[in-house]
Amino acid sequence: MAKISSASCFRAIFLGALIILCLPHPSTGVPLEELERAIAILRVRGRALFANAIITSDLLFDLLSDESLTLFAPTDSMLFDLDMTHSLPFYVSTLRLHSVPLRLSLSGLRSLPNSSSLPTLLPSHRLLLTKHSSSNDSIFLDGVQLLIPGLFDGQHIAVHGLADLLPLTAPSSPNRLVEDSTALAKSPWFLGSRFSPAPEPYFAFMDLSPAESPSVEEVSPSPSWGEGEEDFIVGDEGGPLDGRNNGF
């Protein structure tokens with residue numbers, strides 16, 4: 001009788017553990033809907049190529065795996081020149097350099113001490129935040145001015161516009177090159193193409209490369225979180241980040 005009880009107890013524990021493992025676990029990354037809104041804002045505020053680059057590269061999956069984000073978006077013209085004049089590893093490294101795995105609103109950036117160091121999604125590279133001593137309003141990252149702060153301010157994501165591209169070599173260390181460019185070239189994500197195999201549905205859906213910009217007829221002001229959300233949602237069904245239609 002004792003053996004039967006022990007076996008039954010073991011089976012109950014095993015089945016309980018199996019059920020727990022099979023249950024869906026809540027995601028710890030940024031909400032998909034919030035990232036959609038941020039991408040929509042980038043498109044109508046002169047940063048469409050940065051938005052295209054996010055959804056047509058494996059950077060999208062890196063962004064979705066972080067609990068919070070700050071995106072520092074360069075202008076379309078800057079990113080277009082980069083795409084035309086530099087190699088694939090250099091291009092992708094630059095995208096990662098503009099992504100910080102922390103949510104930093106404008107007030108959050110202003111509260112940081114001068115010469116603060118910010119982590120990025122580019123391995124072994126951090127951004128140096130500096131401020132002019134005469135004014136707390138002028139913020140620079142690796143020497144590039146924060147030109148349009150607060151493009152998007154969500155609960156998990158903040159987006160700011162830059163005056164230029166962030167350099168892959170920090171101004172204070174001109175000889176410190178990015179170490180992972182060669183490693184990126186050997187990554188199975190690329191295989192001689194700008195696009196990784198995983199995000200191919202997004203590229204097929206948009207029919208755009210990062211260097212192609214969709215036309216924007218009207219530029220809208222940046223809304224605060226929760227105001228006018230319906231105007232900036234890419235779309236729960238059929239949008240570029242629609243998990244059901246695009247293989248999420």
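In case you wondered, yes, glycine gets a Cβ from its N, Cα and C as well.
What Swiss-Prot lists as signal peptide is 1-29.
Residues or ranges marked as domain 'FAS1' by Swiss-Prot on the basis of sequence analysis: 35-166.
The N-linked glycosylation site annotation in Swiss-Prot covers Asn114 (among others).
Swiss-Prot lists Asn136 (among others) with the feature N-linked glycosylation site, giving sequence analysis as the kind of evidence.
Residues or ranges marked as region 'Disordered' in Swiss-Prot: 213-248.
Taken from Swiss-Prot, the feature compositional bias 'Low complexity' applies to 213-226.
Across the domain 'FAS1' (35-166), DSSP classifies residues as 50 helix, 36 strand, 46 coil. Confidence across the domain 'FAS1' (35-166), taken as the mean pLDDT and rounded to a whole number, stands at 91.
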